[in-house]
Amino acid sequence: MSETEAEASVIGIIELFHKYTGRDDMIDKPGLLKMLQDNFPNFLAACDKKGTDYLANVFEKKDKNRDKKIDFSEFLSLLGDIATDYHKQSHGAPACSEGDQ
């Protein structure tokens, strides 16, 4: 049986996470910032245009357990914020309307 579009999307998210993780299956701060710059340049540019430095403190906000690493659930929380912003854009909101989360 072939993958559905939703299944392929979830697998793609897992692959994206693994592309930037270390041996411990976690992403450090430089890795997270690189992942955002590599994969969400339009989102970051929109935030910069609004004067919001999204990269300045996103790591600290998402590292809920303060272990200086981003685990998969913290990564999903970050992607959820970005996806929510894109969803709001689909309803006419400006880009990076929630970029300072």
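Our numbering is plain: 1 for the first residue shown, then up by one each step along the chain.
Cβ coordinates are placed from backbone N, Cα and C, and glycine is handled just like the others.
Per Swiss-Prot, Zn(2+) binding site is recorded for HIS18, ASP25, HIS87, HIS91. What Swiss-Prot lists as Ca(2+) binding site is ASP63, ASN65, ASP67, LYS69, GLU74. Per Swiss-Prot, the feature domain 'EF-hand 1' maps to 8-42; the stated evidence is a curator's inference. What Swiss-Prot lists as domain 'EF-hand 2' is 50-85, and the listing cites sequence analysis. Per Swiss-Prot, N-acetylserine is recorded for SER2.
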All-chain count of other Cβ atoms within 10 Å of SER2 (N-acetylserine): 5
Cβ packing number for ASP25 (Zn(2+) binding site), 10 Å threshold: 11
Output field, Ca(2+) shell: CB within 8 Å of site CB centroid, site ASP63, ASN65, ASP67, LYS69, GLU74 dropped: MET26, LYS62, LYS64, ARG66, LYS68, ILE70, ASP71
Secondary structure content of the domain 'EF-hand 2' (50-85), with strand meaning DSSP E or B: 23 helix, 1 strand, 12 coil
Neighbourhood of ASP63 (Ca(2+) binding site), C-beta criterion under 8 angstroms, separation at least six: LYS69, ILE70, GLU74
